[in-house]
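Only one structure is covered here, and it is reproduced in the block below.
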Amino acid sequence: MSSRQNQQSSSQHSSSSQQGGQGGQGVQGSSSYSRTEVHTSSGGPTIGGAQRTVPVPPGSHSEVHEEREVIKHGTKTESETHVVTVPVTTFGSTNMESVRTGFTVTQDKNLTVAAPNIAAPIHSNLDLNLGGGARAEITAGTTVDLSKIQRKDLGPEEYARYKAKVEQLARQDEQDAGMRAAQYREEVERDAELIRQILERQHIRDLEFRKEMVENQVNRQEREIQLEAEYAMRALELERNAAKEALESAKAQTNVNVKVESAIGTTVSKGAIQTSADKSSTTKTGPTTVTQIKHTEQHTERR
């Protein structure tokens, strides 16, 4: 029953509005007119309609504007001295260039704002059983019926002014909502650009960190190779000194026998050669070093 009454009240509202409009146009100059009555279907009127689509004015980032910026940042390497056979000092620098491109764009969409609705009427029903076959029913409720007010106070002209004021309020609200949406969009675009720039700087820092780690590993391997070469040279020097000392302290002996048969007879020549070495050296800590070497003595025996 309530839905059927609501449909009937809605049809009465539309028919009465049409009759009021036709009466106002057909009887211009006369004193009689048809009163417009508005019956609400939900017990309370709605202000400004159910929903409104608010247009947002375009901003500075409504189109794609690509930015291009060349960032040059170089690093200087410390001077290093590598002793191979001749001291060599190398000075170097690395120039690294990053090309940053980017843009910020906002795809605008219509802002849909729901209009407030006046609360539905409140009804309460209390059924009391008093005993002895007696009963009492109490009904209480609150409602706002705009049609009663219009029957008493509003004519067609006043209702038209009321509708014009409602539309003006709606347009002003749409304009204010569009300006607030544009301001919020600018804040979002500014924050998005800031986040993008922070991530771009992080990209450059990541490259520099990777380069630094690789250089540290190369330097460590170079120091390991130098240390290994140093110990290899030390071992080779020890072997060379041991071989030299063995040669210097070695002893050798050779026996020589010569026998010649000739027409005049037999000639025999015998001999022996013995070689020995004894090295002695004295080292003093100071500006000079004195080394004494005992030369090899050779003995030859002839028989």
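Placement of Cβ uses the backbone N, Cα and C atoms for every residue, glycine included.
Residues annotated as compositional bias 'Low complexity' in Swiss-Prot: 1-19 (among others).
For 1-67 (among others), the entry in Swiss-Prot reads region 'Disordered'.
The predicted model assigns the coiled coil (170-257) a mean pLDDT of 87. The coiled coil annotation in Swiss-Prot covers 170-257.
Positions annotated as region 'CAHS motif 1' by Swiss-Prot: 184-202.
Secondary structure counts, DSSP: the region 'CAHS motif 2' (221-239) has 19 helix, 0 strand, 0 coil. Here Swiss-Prot flags 221-239 as region 'CAHS motif 2', drawing on a curator's inference.
Positions annotated as compositional bias 'Polar residues' by Swiss-Prot: 270-280.
If you look up Swiss-Prot, you'll see 270-303 (among others) marked as region 'Disordered'.
Feature annotation from Swiss-Prot assigns compositional bias 'Low complexity' to 282-291 (among others).
Look at Swiss-Prot and you will find 294-303 tagged as compositional bias 'Basic and acidic residues'.
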